[in-house]
Amino acid sequence: MVSHPIWAEIDLSAIKNNIKEIRRITNPKSQVMAVVKANAYGHGSVEVSKICLENGADRLAVARSTEALELRDAGITCPILVFGYVTEEEILKMVENDITLTVYSLEIANSIQKIAEKLGKHSKIHIKVDTGMSRLGFLPEKSSVETIKKIRELENIEVEGIYTHFADADNSDKTYTTMQFSKFTSFLHDLEENGIDIPIKHASNSAAIIDHPETHLNMVRPGIILYGLYPSELVHKERINLQPAMSLKVLVTHVKDVPENTKISYGCTFETKKQSKIASLPIGYADGFTRMLRNGNVLIHGLRVPVVGRICMDQCMIDVTSIENVNVGDVVTVFGKDGTEKISIEEFGNKLGTINYELVCMVSARVPRIYLH
């Protein structure tokens, strides 16, 4: 029995399949760091983390300190890497909870050292190298080698890992990724020439895991592929069998017959051309169903029907004139499968000119996640 008028179904067996597929195509000597930032790309970080760790992931990664603490509070004890910037106040909590931090300046390292020393603890860090993303990271040059030397000398810091991030690995042209990886491996060589051998080396994001096995090193960082979605249409999708984990569903809340020339929703931008049957749905842009999808479709009784009129904050309307026996309480699939028909995240993305990553992250926190085991 459905207890919510709107919900996101998260198929944990799909995530289990995906992590096993990632493990299958990854160098068996490489660790798998499951990326569960942004509430596991909207899927629910705690549940997803647990299923990943039970099925082949060795550790986790998040973007922010609050995300790491949520996992610790849920009883997850494995290593967790924070990719992003943390304030001095946050560093204290990270060190206390044995959470690994990303370092891309001597100043950050000194802050961690000061706090770790005060707490009488050792803090593990990973060095970030900017090989072409032009975001966070040391540039792969001689001065950076000297800085990393200084960081390694800090008594309460353990330099456990070093990594870079690819900017264009999901493209069919592999030139830029090859260049980035070459810069990274050359920098690793320069470090080793200076007596700095950092144990964990990682570069592969989802696209590189699929298309660039030479970049797997001794750890990979799957993100979007954990959730059954491909990084782009340009990667070699045939190499890995992914199953989408999220479906978004709602219940019909009202059905009415309206005459020809009835205006629907804000702005009166839609007008019926004949007598029509209109159903209301309890989903709107506050749930992640953006107003830009007003010309989209949903599924009911295994068939497509159009969204009509502007999408409201909490509701929208659909035209079910072509469907028999539509009743309050019927299930409507916003994306996912209904019988033999489906609406994919990618279809939404094409309508909006955006990517699948953004769309699953858009499903707001007020939408309950229902986990299917």
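A Cβ is built for glycine as well, from the same backbone N, Cα and C atoms used for every other residue.
The 10 Å shell around the Cβ of Lys37 (active site, proton acceptor) contains 19 further Cβ atoms across the protein chains shown. Swiss-Prot lists Lys37 (among others) with the feature active site, proton acceptor.
Following the DSSP three-state reduction, the secondary structure of Tyr266 (active site, proton acceptor) is helix. Of all Cβ atoms in the shown protein chains, 12 besides its own fall within 10 Å of the Cβ of Tyr266 (active site, proton acceptor). The active site, proton acceptor annotation in Swiss-Prot covers Tyr266 (among others).
Taking the Cβ of Met313 (substrate binding site) as reference, residues of its chain lying under 8 Å away and at least six apart in sequence are, in sequence order, Gly284, Tyr285, Ala286. Taken from Swiss-Prot, the feature substrate binding site applies to Arg135, Met313, supported by sequence analysis.
For Lys37, the entry in Swiss-Prot reads N6-(pyridoxal phosphate)lysine, with the evidence type sequence analysis.
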Lys37 (active site, proton acceptor) and Arg135 (substrate binding site), compared by Cα position, are separated in whole Å by 17
Rounded to a whole number of Å, the separation of the Cα atoms of Arg135 (substrate binding site) and Tyr266 (active site, proton acceptor) comes to 41
Reduced DSSP state (H/G/I helix, E/B strand, rest coil) at Arg135 (substrate binding site) is coil
